[in-house]
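Colleague: I'd like to ask some things about the structure below.
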């Protein structure tokens, strides 16, 4: 291999480095320097903020987010199976059925242990008569 094969890549890498240096340099030159008390407050379109801006999300939020990702991946796998349904035959059908069954059992388990329950633990559902 000769140098002439690599010069476009070297030129591209050099241009990227120059562009990054320019962006960082302009940011440093034009950026805000003095740290005031208002710098740490969230921007609310000129409206004075009320309350504490750094709220903690309950762990339930993250659990539901993880469950969403898991079951969203299930949908992607089922879609891929549906596209290749004719090529996979009965073996593919059995595999997809086992996959859906396992994830269905996992969903029922998560529901039973309360992973999808957003109510505080002290409250019970009131039945309307």
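Glycine residues also receive a Cβ, built from the backbone N, Cα and C atoms like all the rest.
The structure displayed is predicted, hence computed values, not measured ones.
So Swiss-Prot lists the following for this protein:
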TRANSMEM  6-26  transmembrane segment
TRANSMEM  63-83  transmembrane segment
TRANSMEM  89-109  transmembrane segment
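So where do these features actually land, and what's packed around them?
Modeller: Same-chain residues lying 6 or more positions outside the transmembrane segment (6-26) and placing a CB less than 8 Å from one of its CB atoms do not occur.
Residues 92, 95-96, 99-100, 103, 106-107, 110, 115-116 of the same chain sit 6 or more residues outside the transmembrane segment (63-83) yet have a Cβ under 8 Å from a Cβ within it.
Counting same-chain residues at least six beyond the ends of the transmembrane segment (89-109), those with a Cβ under 8 angstroms from any Cβ of the stretch are 70-71, 74, 77-78, 81.
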